[in-house]
Amino acid sequence: MTPWQAATLGIIEGLTEFLPVSSTGHMILASALMEIKGDFVKTFEIAIQLGAIAAVFALYVRRFLKEPRLYFILAVAFIPTGIAGLAVYKYIKALLFNPVSVSVALIAGGVVLLFFDRLIARRHALQPAHDHGSTKHQNRRPETGHTTGDVGITPKTAFVIGIFQTLSLVPGVSRAAATIGGGLVMGLNRVRAVEFSFLLAVPTMVVATAYDLFKQRETLNAAHLDLLAIGAVVAFAFALLAVRFFVGFISKRGFFVFGVYRIIAGVIFLIYFWGRSF
């Protein structure tokens with residue numbers, strides 16, 4: 001792996017980790033296109049996630065410090081993924097971590113995003129005309145009961161979102177898409193669903209990254225530190241941009257663009273990689 005390849009993967013990780021397009025899927029596809037393989041490449045793709053995690057923590061550090069009950073809600077949401085990850089992740093990794101499977105998952109996820117976009121449009125259509133776009137409507141709590149500050153999440157909703165997050169164990173599904181979709185199903189508006197997805201990413205990715213790095217610790221050595229540093233720093237910078245962009249974009253535009261992108265990209269990659277297999 002060259003420094004330029006490390007920077008390229010860092011850009012892809014940073015831009016896609018918190019968008020509903022699947023960072024893992026894009027990393028697998030990018031590595032295949034650049035024809036870089038080996039145990040270190042897999043470890044590199046895992047390690048640079050720490051840069052993306054740091055970006056979200058930097059943006060939401062006040063919320064983590066000022067809302068202690070948020071830790072309980074995030075722990076509840078993480079439970080399903082933790083259990084499912086220990087039970088089946090190694091089998092999924094062996095069977096589905098390949099470009100063709102990722103391409104199929106991108107297409108399927110794109111269709112689901114378009115469905116959610118229609119679901120949101122129908123919700124708005126059913127609301128009284130004077131409520132559309134009003135500050136009062138946008139800021140109302142979607143649930144009753146205990147909530148976590150401005151996030152407005154009950155333990156029940158957090159657990160259901162966590163169940164949705166288990167779908168992201170399949171590469172190409174997208175952790176962001178799964179958790180945002182779960183939030184929408186449970187009645188959250190787009191902004192709240194997106195922000196909770198960001199917050200849940202921190203414990204989920206910290207645990208998953210630490211676990212994977214521990215298992216692959218033998219592939220790490222001092223000779224690779226420069227590549228890891230490049231990838232992590234670039235991922236941090238581009239994740240900051242992506243998170244800031246996504247919250248504003250999704251509140252105004254919805255998921256249509258991401259759904260269409262996933263379908264088009266999935267079809268192109270499927271044709272390309274499936275064709276290479278013959």
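Just so you know, glycine gets a Cβ as well, placed from its N, Cα and C.
Lifted from TrEMBL, the feature list:
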type	residues	note
COMPBIAS	129-144	compositional bias 'Basic and acidic residues'
REGION	129-149	region 'Disordered'
TRANSMEM	43-61	transmembrane segment
TRANSMEM	70-89	transmembrane segment
TRANSMEM	95-116	transmembrane segment
TRANSMEM	196-214	transmembrane segment
TRANSMEM	226-247	transmembrane segment
TRANSMEM	254-275	transmembrane segment
(message) Could you check whether the transmembrane segment (43-61) packs against the transmembrane segment (226-247) - three or more CB pairs closer than 8 Å, residues at least 6 apart in sequence?
(response) yes
(request) Using a Cβ-Cβ cut-off of under 8 Å, list the residues of the same chain that are 6+ residues beyond the ends of the transmembrane segment (95-116) and lie near it. (result) 20-22, 24-25, 28-29, 32, 170-174, 177, 180-181, 184, 255-256, 258-263, 265-267, 269-270, 273-274, 277
